[in-house]
Amino acid sequence: MTRPRTLLALNWKMNKTPTEAKAWARDLAGEFTRGAAELAVMAPAISLPGLKETLPGGVDVGGQDVSPHESGAYTGEISAGMLRDVNATYVVVGHSERREYHGETDVLVAAKARQAQAHNLTPIVCVGEGLDVRERGEHVTHTLAQLRGSLEGVGENVVVAYEPVWAIGTGKTATAEDAEELAAAIREALRELYGEVAESLRVLYGGSVKPDNIASICAQPNVNGALVGGASLKVADVIGMNDALR
Ligand SMILES: O=C(CO)COP(=O)(O)O
């Protein structure tokens with residue numbers, strides 16, 4: 001089975017107003033040339049309307065979270081159907097910041113991923129260990145347990161992002177070998193869950209990815225792209241990462 005196309009997924013987190021988001025998209029459109037990687041922007045939901053149309057052709061957009069519910073009395077929630085209506089094709093679920101600051105469990109993350117798929121959104125399911133777990137040498141078992149819980153009842157139209165918490169926003173990048181160790185273990189778990197199609201599913205790495213380290217990380221056999229926070233905010237860095245993946 002062929003290696004999936006590399007995905008460069010940008011997670012803006014809680015940055016940029018809708019006005020700033022549009023200006024960023026226009027700036028990108030002025031400089032971007034399509035590379036080997038697929039590019040997708042995970043923007044705050046409020047910035048999604050019109051964003052796809054402003055971005056260069058072929059660049060996808062997605063949400064950063066989604067409700068596990070279909071619709072109704074869930075104040076403050078954004079549904080999968082609403083994300084689809086503003087052209088989202090992806091949605092991040094189970095980011096470590098949501099797990100940590102909003103108490104999200106694997107059970108909830110799986111429910112969100114299933115709801116996303118019910119509306120033809122591809123969930124980007126995030127997993128990864130904290131520093132204490134890594135120091136105990138339990139990062140593989142921990143991350144795989146989280147993965148299995150977060151994929152309960154979830155279909156194969158899924159992207160998995162391995163984001164070790166100690167590497168997020170810290171400037172401490174996992175080595176390419178660390179990323180591959182987990183990506184290979186995740187691939188094996190995906191094979192057990194989905195069979196042969198696992199070879200064509202994308203496993204991303206996230207945590208302090210930048211223009212100067214993205215190529216070596218994404219060259220690993222089981223790493224099929226990156227989920228990028230800080231370096232996703234500046235157009236120049238995104239062009240740099242896109243060019244590094246040619
Ligand atoms: O959390 C991340 C992407 O979802 C990674 O963030 P940084 O790239 O800022 O480390």
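Backbone N, Cα and C atoms are what each Cβ position is placed from, and that goes for glycine too.
Heads up, TrEMBL stuff is auto-annotated, nobody curated it.
Of the residues proposed, GLY50, GLY57, GLY58, GLY169, the one TrEMBL records at the same substrate site as ASN11, TRP12, LYS13, SER208, GLY229, GLY230 is GLY169. Residue annotation for substrate gives ASN11, TRP12, LYS13, GLY169, SER208, GLY229, GLY230. The furthest Cα pair among them is separated by 14 Å.
The sparsest Cβ neighbourhood within 10 Å, among the listed binding-site residues (GLY169, GLY229, GLY230), is found at GLY169.
For LYS13 (substrate binding site), the number of other Cβ atoms no farther than 10 Å from its own Cβ, over all displayed protein chains, is 19.
Checking the binding-site residues ASN11, TRP12, LYS13, SER208, GLY229, GLY230 against ligand 1, the ones whose Cβ sits under 6 Å from it are ASN11, SER208, GLY229, GLY230.
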